[in-house]
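Enquirer: This is the structure I want to talk about, given as structure tokens.
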Amino acid sequence: MVVRPVLRAVIMGPPGSGKGTISARIVKHFGMKHLSSGDLLRDNMQKKTEVGILAKSYIDQGRLIPDDIMTRLMLNELKGLDRYNWLLDGFPRTVAQAEALDKQCQIDTVIDLDVPFETIKCRLTARWIHPASGRVYNLEFSPPKVQGTDDITGEPLVQRDDDKPETVTKRLQAYDAQTKPVLEYYRKKGLLKSFSGTETNNIWPHIYTFLQTKLPDVSLKDAATPR
Ligand code: AMP
């Protein structure tokens, strides 16, 4: 029997970088298993498992889950996927997590979405709402007829705290501080593959081509279907 080598990849990118969209396309076109630490935690929280209850207390305070808990959870999950191509999302978030992952398996590539913070800020701060009705506007895709006012009532629109420029800046700075050492860790190992751009649809073809070189058998099948 021929044993097909598997591809073990990590995807990294700040909130608003298009990581969710790109991950979904990778899964669709290359059939990789997608393992997101955030999704796994939310699933545990919903099921009220021991890890879920513990995780909730950290997440509610906007803190990271301690490395030992996070690592045990993720590595355990990966054990069941050792015959599949997989894509890790949201993990590792610290160098300690990256080192623990290295001990269990060898990562082949790290896809880094390098989207300028200014672009992300524009994207994330584009949402405005009309509090009384819950109507949502997006300054890029569905702007109000008159800037700053609700189309129906003419009342002023507001931004959610999460979407305010100062909050978005803080989130981006936190991502930067947290993940820079992890990106550096993988860069030194020669595994980091950065994709720069401002539009997900412009970045995607480069990632597609890159993964085609890593998974030629899978992409051959995919070539028959439209992207
Ligand atoms: P996410 O959906 O990836 O933003 O994750 C939601 C929350 O889960 C984060 O804000 C963290 O509190 C926690 N979390 C997710 N992944 C990790 C990780 N690798 N290490 C520590 N905490 C994590």
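Each Cβ is built from the backbone N, Cα and C atoms, and glycine gets one as well.
Just so it is clear, the model here is predicted, and its values are computed rather than measured.
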Enquirer: According to TrEMBL, GLY16, SER17, GLY18, LYS19, GLY20, THR21, VAL136, TYR137, THR200 bind GTP; identify which of ARG8, ARG127 is listed for that same site.
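Expert: Answer, per TrEMBL (GTP site with GLY16, SER17, GLY18, LYS19, GLY20, THR21, VAL136, TYR137, THR200), from ARG8, ARG127: ARG127.
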Enquirer: What residues elsewhere in the chain lie close to the region 'NMPbind' (36-65), defined as a C-beta under 8 angstroms and at least 6 residues from its ends?
Expert: 23, 73-74, 77, 88-91, 93-94, 178
Enquirer: Looking only at Cβ atoms, how many others are within 10 Å of the one on ARG93 (AMP binding site)?
Expert: 18
Enquirer: Which residues, sitting 6 or more apart from PHE91 (AMP binding site) on the same chain, put a CB under 8 Å from its CB?
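Expert: Set apart from PHE91 (AMP binding site) by at least 6 residues yet with Cβ under 8 Å, we have VAL10, LEU35, SER37, MET70, MET74, GLN97, LEU101.
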